[in-house]
Amino acid sequence: SDLSASCWSRLHPVNMFNSFNVKFHHSKALTSPYPGSHIERSPVPEDKVGWLTEWKDYNPVEYTAKSVLAGPSWADPQISDEGFSPKFNERDGEVERKSLNGLYVVENGRPRNPAGRTGLTGRGLLGRWGPNHAADPVVTRWKRDGSGNKVAHPVSGKNILQFVAIKRRDCGEWAIPGGMVDPGEKITATLRREFEEEALNSLQKSPEEKAKLEKQLQKLFSQEHFVVYRGYVDDPRNTDNAWMETEAVNYHDETGETMDNLPLEAGDDAGVVKWVDISEKLELYASHSYFIKLVTEKLGAHWSEDPGSEC
């Protein structure tokens, strides 16, 4: 049931504006077979992705996974089910159906993917019709030597930043710990909960241990933070009627005092968790590298040995 954006997401600078005025287009959302299935999408030529381009012969495949149709708590009913009348483009009870990218079109009772055609209708593996919201907490600190002094990169001369990275069990790639926003949950709560579950293994802690962790984290998560990205995410699970969106937020421990006292322990969907030095050589899933680079720019940290690539 975990539908984390951490492993699937990919961002590309073309076609679609997000709330930070960055353009995106489909790449992952056009790939076949659809994740966890043998379903092949209907091919969509690049010049036919946009809905404004007329395509009378467009005949996408319909697919919603059995795990979604089984009716778990994180999933909507089918549009045709009696008594189900979702309020798109607004808060619908406890479910947030607003998009971070603004209003989306609803056609024949179904929401339409704002980034264009994907060659697949239905929901695939996604629980919600329309936007499926996730959150990615980027927790950082300065790399320090044995004496507690910040470590500068020998070439760029800029201080080296570290972030908490997890190696995910589902795809084996290093990523930012993150996951889906629960109904009625504030994004700030999701960011904190996901970090606790994936990087501190809070689900396996006793109530006393968990209370102690939360008390230590309070200082970090209540301080001023930097919203790195908010908006649509190109994802292989996206369909014409359901898509991923995320909010990535940086929480920086300037002195290191908060995070130094927290024992990192992999939990939930993470296989391994550790502090990782940030640089352009770091191989992360594409969207996460983009988020991390924005954080280094914001904090004036080391990213590249080539000064030209930091401009």
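Backbone N, Cα and C define each Cβ position, glycine as well.
These numbers come from a predicted model, not from an experiment.
Listed features, source TrEMBL:
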type   : residues : note
DOMAIN : 142-298  : domain 'Nudix hydrolase'
REGION : 106-128  : region 'Disordered'
Secondary structure split (DSSP) over the region 'Disordered' (106-128) reads 0 helix, 9 strand, 14 coil
Looking only at the domain 'Nudix hydrolase' (142-298), report the model's average pLDDT.
86
